[in-house]
Amino acid sequence: MASIIIVVLATVVGMIVSALTGFYICQLRKATIKARQENSVYKDSEKGNQGDELELPTFDLSMVFAATDKFSSGNKIGEGGFGSVYKGELSNGQEIAVKRLSQSSGQGIKEFKNEVILIAKLQHRNLVRLLGCCIQGEERMLIYEFLQNKSLDNFIFDQTRRKLLPWKKRFNIIIGIARGLLYLHEDSRLRIIHRDLKASNILLDNDMDPKISDFGIARIFGGEQIEEKTKRVMGTYGYMSPEYAMSGHFSVKSDVFSFGVLVLEIISGKKNWGFCHHEHDLNLIGHAWKLWNEESPLKLMDKELEGSFSAKEVVRCIQVGLLCVQQRPEDRPTMSSVVFMLSNESAELSQPKEPGFCVESFSVKNESSSSRHTSSTANDLTITELAGR
């Protein structure tokens, strides 16, 4: 009797083990097939506007892990709403920047693929170059060229590093950003609205030439489309145009507004959002407008630029910046006009109208002027009022 029980139990256990093994192998095969399909999606059927097949290199997860030392904290060089950025080095010695999307980023697999395909179609000296991507399991990563000098905000808002950017360098950066944005709006195969142009999304190469990066919330406009409205406003306070921040309307003129803010920040070395002045509560845009009306635009300049600039060139850039941040989108120039105005000293510029709105910032804490301005931590609470115009 005992031997019969042992035989039955052994048979049952064997069947259970066999069933579990079979189930595991089946699931493993499904996961492998899915990963292969995801990783090869860019090679199969994606077409460019001209009907040419788009092939984007894919990186194996193990290769990215090895390049970034398993995403070690020492290799982390940035962080944003969509995830973290790590520096890495491939086995051939090439340095890369890996944008690793967090699972809570809000980007689904479809949106991620669209972003990758979008960036892969863009080729311009003032846009960051995408080398490939990695989609494996829950991991979604973009692999970019690595730029040693990181982002513009690390220089213009830093008391020490800003000295490394004399006026000639800053003017070249302004021109480069303008040309990159012009390419997105008019010269590429697609009409692209960036929607998050800001100092931290401008990367600098070894020669301090700018490259626009981070197309996570960019939108493509097709045909004769000139404007779109969204219920989900995404971007960065201080750079968003009034019509986008207040009602969700965006267009190429929204990017133009952001560019204008950037120009004023590059010239002054100050941030628009959180700007503080002892004489008033205007933001940087309002301060620049005030100085323009007082016929003292050069007072906006970063003191580190004293003695190393062309006054005429600086004033022209300030005027272009103010033209870009005008209230009505239709009053703002196109990027083709901006590039022309910046590149031609003989070009006649119209007088700017009042900016769209001025933000009055009041720190909740009783902070000094300098600490309020230079702080950029997420813990600083700021109450804002929109001053109607």
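Each residue, glycine too, has its Cβ placed from N, Cα and C.
Annotation source TrEMBL lists transmembrane segment at 6-26. Residues or ranges marked as domain 'Protein kinase' by TrEMBL: 71-357. Feature annotation from TrEMBL assigns ATP binding site to Lys99. Under the heading compositional bias 'Low complexity', TrEMBL lists 365-377. What TrEMBL lists as region 'Disordered' is 365-389.
When secondary structure is read from DSSP and collapsed to three states, Lys99 (ATP binding site) falls in the strand class. Averaged over the domain 'Protein kinase' (71-357), the predicted model reaches a pLDDT of 90.
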